[in-house]
Amino acid sequence: MPLNKDIKRVLVIGSGPIVIGQAAEFDYSGTQACEALKSEGVEVVLINSNPATIMTDKEVADKVYLEPLTLEFIEKVIAKEKPDSLLAGMGGQTGLNLAVELHDAGILDKYNVKVIGTSIESIKEGEDRELFRDMMNRIGEPVIKSEIVTDLQAGIDFANKIGYPVIVRPAYTLGGSGGGIADDEEELRTILESGLQLSTIGQVLLEKSVKGWKEIEYEVMRDSYGNCITVCNMENIDPVGIHTGDSIVVAPSQTLSDKEYQMLRTASINIINAVGIEGGCNVQFSLNPNTFEYAVIEINPRVSRSSALASKATGYPIAKLAAKIALGYGLDEIKNAVTQKTYACFEPTLDYVVVKIPKWPFDKFFGADRQLGTKMMATGEIMAIGANFEQAFLKGIRSLEIGKYSLDHKKFKEHSMSELKDLVMKPDDERIFALAEMLRRDYMIERINKITGIDKFFLEKIKWIVEEEQRLKLSNIEDLDKEWLKNLKKKGFSDKAIADMLKVSPEDIYRLRDIWSIKPSYKMVDTCGGEFEALSPYYYSTYEQYDEVEVSNRRKVIVIGSGPIRIGQGIEFDYASVHCVKALKKLDIETIIVNNNPETVSTDFDISDKLYFEPLTEEDVLNIIEKENPYGVILQFGGQTAIKLANFLKEKNIKTLGTTADQIDMAEDREKFDELLERLDISRPKGKGIWSVEEGLEEAERLGFPVLVRPSYVIGGQGMEITHDEEELTFYLTNAFAKDKKNPILIDKYLMGREIEVDAISDGENILIPGIMEHLERAGVHSGDSVTMYPSQNVCDKIKGKILEYTKKLALAIGIKGMINIQFIEFEGSLYVIEVNPRASRTVPYISKVSGVPIVDIATQVMLGAKLNDLGYGVDIYKEPELISVKVPVFSTQKLPNVEVCLGPEMRSTGEVLGVGRTLKEALYKGFVGANMYPSKEKGKILATINKHNKAEFLPIAKDLAKVGYKFIATTGTCKLLRDEGIDAEEIRKIDEEKPNILDIVKNREVDLVVNTPTKGNDSKRDGFLIRRAAVERNLGVITALDTLRAIADVELEEFDKNKDLEVFDITK
């Protein structure tokens, strides 16, 4: 039981959907916290809207509510469950903001709920820019010259007084949202306007820019008795000016003198004591590289992205200990789980180097402004561990899955030196390659240091890597002797990088290593630099002498993880990997996980029997397989990252459990797949590959418009578009062939039907479909961006029978053992297959939770030989539940300048929320509220710009919205359409007409909701694009699919009292 006997039932608020700035790290920390509380005999009540998380599994907390994270719904949970305490710091910025709002609204007092861990007062002092600055002044900690402003003019006046550039930091926002660096008044106006709108209290800190100073972070722990330690200090390679979430970060710091290290450590402890933190806290400093001058940037009075990184870098479980501290324990009373001998008051010691590199989404968004600044844009990150900086850094580069194994990037070879200088002075996501190219051309390190602010230490290390690359390029394989190869491996060079430089194959380098016995050894992450014996089975590779892995004779399976979070491959795959590991453990199989993502539950050291924190490349994975000699390897749960290893493992005669490389090829090769469907007598939309605009127009005439067009080789719908007439098709094809003449464009008949999706399990004889999911938006919107309903609402028994028949035929014909995901279209009473994925999909966590079928557990048992009939869930289609569950996508496009908002065949969402209700409309209402898509009725104004193809469909929806009180603003054509039907509408001028025009009313937030159905293309100069961007940057709802608007109108027409009639549901029941 907890030290504080008054704590019996604790409410934990999760962080909600994955968005840029708040990703999987809060699933990791929230899961740790819930398990720590339960281990102390405390009952845990969890509210979180994100169904893709481990945290919302019914085993993690005693009561789990997948409900919107709003005061209205949290109060319902508090009223129903009557918790005595609230733990606020585990749900990121979302959880922290909600705790403050619950306090300020009097809800905590009303239900007698006390905040444990860091208090509301301490949260406010850490988050409110003015209170924090005043406190720093009181305790004598330096802050940068700054001013708190709540209006535009005050900000401009202050900037004029201190001079540009200035940094804008809004209060209570996430990942630097609404912030930035302004070099002049025009930039300041734009950033300030955004920052004031996005801050929950309308407050912004303006400070004199110290861009170019070092950015240093300390992760600190403190208990209620005042005991305080620093867990880890971290150094951003990128100086102040780039958000720490977009910076390459090294732990421990590499360039601080002992005096600087101790000075900032002392400051961190002074700050955490003054604020009164009880738990974990992240402190960020700027440090003048030429003097001992420093300033406090900010603190995060909660677990954070940096604390997840610090936990994985050190093996010190910050979130778990923060939860125990909240229960009243002191650091000197909590045992270190890694050593089982020392206590949590011992500061961790690192005898290795950790490098974190962000993963950006720009491969999905070609038009995005890639320049990095104080607003975070990365969706995820990788972490690499090495015996030295070079090794960790090169491991990190190849972990990013961008096709790069070295710092040699062809793109930058064509750039002039002045272009390269511009690139490193205005850094983007590829700046490290531009910097390497400058060093390759012998540009002086001192000058690069001066123009970038990157420390000479790191530049010298990168210079050494570049010089070795050049030396290899000028050599041949006969020049590569044993000592040189061994040194290259010690410094992190992969076989592929060495082979590419020598113009041989990686297999040639592997053979040399084999002959010379140059094999990796594996070291343990033990928190204590080897001072005490560690029990944690947490390893990284080096090429040092001693190996710390003990290989057992048990039957063992290696599970390949999914790597960094990105659009199209998110936290859902980590969920699947973790459940696979748990299922294997139940079967008494030794489980080994390989992954490189510091944010996730899968890389918690006590999830698997062994954790290898390594890149997910062919060489790094093969090294581990050769070390461990497993019974088999599971790829099905690691998304495309794991699946793309299938052919390589087949070539090496390594057994993959479940679906094989040949079966994957059958599903993914268009020609083979078409032949399979024909053989099975299964329909798919008609289409073919075309090589010219003329051929495309002929094929479209044969098929009939609309048609779906896309490049040949795409992932996640990249480059797909629906065209409605010859003009649109010609526009698309002309641009597509201008970019790529070597590959055909695929053109298919676009069926504007109902999209249906299933995740199924096959044992080779039977299949089990846990549930049939129906998409709200018609085909043409990527499945990951669609609102998804379960049970399906409009699928008749005849079609359900066809779905079962087709799924069984496909699974058995392909030879699936484990999971298969199939997407269908129902069109005019017929069923068509549009896609088959022979692996786990992103809907697995959702359908597992809402159907009650432990899909991954069953699939894992099937891979190892079990039969579905023996596993207790039957075969064919599982019975449907009474409650209706709706999955609603969540987008982060606000964080990505110049990125298209419009829904289409290419996936854009970063996360999702769940809405659960007794009726579809209740579930939709909760889902829309949770995703922040539901319009507020205070103004009740909808801006509507509808293209010619959608006007007839829009009218009845507009009538229903007008009926419940919404007012419309529209440009001439749409306005006339509405008035002709008797709907009151206000006319507004187009963008190219005099002010105030349509763009002005969006920028001034004079509307509640923007409904914009796009015309052709994604041209950033088009009016529709500019309107959508302006709306999303001002946090206004944007709807581009009329099916979504129809659903909102249906919910509005419903007569239930949204405050009184809506129940909250505990999914553990």
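Cβ coordinates are placed from backbone N, Cα and C, and glycine is handled just like the others.
Here Swiss-Prot flags 1-401 as region 'Carboxyphosphate synthetic domain', drawing on sequence analysis.
Taking a C-beta cut-off of under 8 angstroms and a sequence separation of 6 or more, Glu215 (ATP 1 binding site) has the following same-chain neighbours: Glu235, Asn236, Asp238, Pro239, Val240, Ile242, Thr244, Ser247, Gln284, Phe285, Ser286, Leu287, Ile297. Residues or ranges marked as ATP 1 binding site by Swiss-Prot on the basis of sequence analysis: Arg129, Arg169, Gly175, Gly176, Lys208, Val210, Glu215, Gly241, Ile242, His243, Gln284, Glu298.
In the three-state DSSP classification, Gln284 (ATP 1 binding site) falls within a strand. Taken from Swiss-Prot, the feature Mn(2+) 1 binding site applies to Gln284, Glu298.
Taken from Swiss-Prot, the feature Mn(2+) 2 binding site applies to Glu298, Asn300, supported by sequence analysis. There are 16 other CB atoms within 10 A of the CB of Glu298 (Mn(2+) 1 binding site), with all protein chains counted. In three-state terms derived from DSSP, Glu298 (Mn(2+) 1 binding site) belongs to an extended strand segment.
Residues or ranges marked as Mg(2+) 2 binding site by Swiss-Prot on the basis of sequence analysis: Glu298, Asn300. The Cβ of Asn300 (Mn(2+) 2 binding site) has Gly126, Cys281, Asn282, Ser306, Ser307 as same-chain neighbours under 8 Å, each 6 or more residues away in sequence.
Marked as region 'Oligomerization domain' by Swiss-Prot: 402-549. Residues of the region 'Oligomerization domain' (402-549) grouped by DSSP class, helix first, strand second and coil last, total 80 helix, 10 strand, 58 coil.
What Swiss-Prot lists as region 'Carbamoyl phosphate synthetic domain' is 550-932, and the listing cites sequence analysis.
Sequence-distant neighbours of Gln823 (Mn(2+) 3 binding site): residues of the same chain at least 6 apart with a C-beta under 8 Å from its C-beta are Glu755, Ile756, Glu757, Ser783, Val833, Ile834, Glu835, Val836. Residues or ranges marked as Mn(2+) 3 binding site in Swiss-Prot (evidence: sequence analysis): Gln823, Glu835.
Look at Swiss-Prot and you will find Gln823, Glu835 tagged as Mg(2+) 3 binding site.
Marked as Mn(2+) 4 binding site by Swiss-Prot on the basis of sequence analysis: Glu835, Asn837. According to its DSSP assignment, Asn837 (Mn(2+) 4 binding site) is in a strand. Other C-beta atoms found within 10 angstroms of the C-beta of Asn837 (Mn(2+) 4 binding site) number 20, with every protein chain shown included.
Residues or ranges marked as Mg(2+) 4 binding site by Swiss-Prot: Glu835, Asn837.
Among the features that Swiss-Prot reports, region 'Allosteric domain' is placed at 933-1069, with the record citing sequence analysis.
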Summarise the region 'Allosteric domain' (933-1069) as counts of helix, strand and coil residues per DSSP.
51 helix, 22 strand, 64 coil
Spatial separation of Asn837 (Mn(2+) 4 binding site) from Arg129 (ATP 1 binding site) - C-alpha basis, Å:
48
If I take every residue in the region 'Allosteric domain' (933-1069) and average their pLDDT values, what number comes out?
87
For Lys208 (ATP 1 binding site): intrachain residues, at least 6 apart, with Cβ closer than 8 Å:
Ile144, Lys145, Ser146, Ile162, Gly163, Val166, Ile167
Between Asn837 (Mn(2+) 4 binding site) and Glu298 (Mn(2+) 1 binding site), how many Å separate their Cα atoms?
45
